[in-house]
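Taken from TrEMBL, the feature domain 'PAC' covers 245-297. Feature annotation from TrEMBL assigns domain 'GGDEF' to 326-458. Look at TrEMBL and you will find 12-32, 38-56, 63-79, 85-103, 108-127, 139-156 tagged as transmembrane segment.
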Amino acid sequence: MNRVQEIHRRNVLMLKLLWSFYLISLLVNLIVDKSIYVLYPPVGLLLGIGLLVLVASRRVPEFAMFLMVASLYVFLLSLTLKYPYLVNFIFLGLIPLFTLLYLDFRAVLLSGILYLATAIYMFYTLHDEMFAAVERSDIVYIITFGLFSTAFSLFFTKFTKSLWLKAEKTGDQLSSILQNVEIATWSYNLSDGIMRLSEGIVHISGRPLEAFKGDYRILTDIVLPADKPLIMQAQKEMVLDKRSIVTECRIVHQDGEYRWTQIRGNPYFNELGHLERLEGVIIDITERKRLEEQVEYLAYHDELTGLPNRVLFNMRFDQYIHEGTSLLTIMFIDLDNFKEVNDAFGHSAGDLLLKEIAGRLSAHIRDTDMVCRLGGDEFLLLLSHSDARHASKVAERIIASLSSPFHYQGYPLVATPSIGVCVYEGGPCDLDQLIREADEAMYEAKREGRNRYFINSASSGVTSYV
């Protein structure tokens, strides 16, 4: 609402006050004088009609504001001149308070000036009728009161207006935020059974606001079927348990994709303790969920190759031990000439080579196995239900696969592997010890000429070179 509209709205309020004041004074004088012609000429009626026409036209709301303030003094002055009662002078002191409704410095200042002028005029003109017991020199008190009243009104206007403007600014900012971020407010009134949502639901669901006019089932219909029990549980907690809720669920967007949302709700009760309505917000947390998934993925995977890291490798090994899997093979792979490739072609070539090797290693294992990048040019393989014979076949396939050259900017690159194998056949188990034995076997393969594998049996302690 702009300033002009606000002034018009307050003009309407002041007009109602003026008419009320006129009718009350008319009623009082009618009771006292027993006549409907108690005010002649009928100044209040004429002013009221004139202001009514002016305010209704909406053409000059600021001029109407000033005229409204002046009319209050004109009406009260005309009333006092005909009926010089002290009560009318008291009412004169209330007009500056009425003017505060505008929260406008100009209106307040005009009211203060008119009060002083009217009060001084009444004091001297009607002194014998209204102030016979008061010395004429006491006019200083009336002037002091008028100045104090005006100063207070100006201060009050400044203070209140600053709060009002601050609240308006905050409201505009909040409105802007709610319109530009994917947050929707919702309210469900139990008396009419209608769900009301804000514009934010348009951004979240991709559907027009009109599509949600009706009962709450229109909203729950777009919740992913697998997540609907979460919504039912949230409703139960609010309605039956009378508790606030926070739940996360997925909704189906108009484009067919699903969006993660966080739904917050609060039950509200009437003075008798009966549930009256449910209100809350719906927040699109898809981006947050995506980041959480990304962080979780990076916590268990190598950023460059996308392979599982040592943390996930340990978890898979512990899972197999917990399940009682007795035949497990650990392979430790180190690339023989990776440093030369890095030195000759740069780290970008080395990174591409590592990605290619990761892909080839993954192609030679089963779904129940795992390839892990330790770091640099070192990899670990975990083979389930794998004895020395099976491990040998896997190692041979890996050596054959990595013997094929990689091509980088037209140059063939070869990174042969040295593979150390440790077979776990049951008994006491320490993964770090198994990896150390596989590492030792890998160095044995390097000492024997590289591009080969060496098997170390963890159960018997016997090593064999193939």
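Glycine too: its Cβ is placed from the backbone N, Cα and C atoms.
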**Same-chain residues near the transmembrane segment (108-127), Cβ under 8 Å, at least 6 residues beyond its ends** = 66, 69-70, 73, 76-77, 80-81, 84, 89, 92-93, 95-96, 99-100, 102, 134, 136, 139, 142-143, 146-147, 149-150, 153-154, 157
**Item:** Integer mean pLDDT for the domain 'GGDEF' (326-458)
**Value:** 90
**Prompt:** Which sequence positions outside the transmembrane segment (139-156), separated from its termini by at least 6 residues, show Cβ-Cβ distances below 8 Å to it?
**Reply:** 93, 96-97, 99-100, 105, 108-109, 111-113, 115-116, 119-120, 123-124
**Fill in**
Checked against DSSP, the composition of the domain 'GGDEF' (326-458) is 58 helix, 41 strand, 34 coil
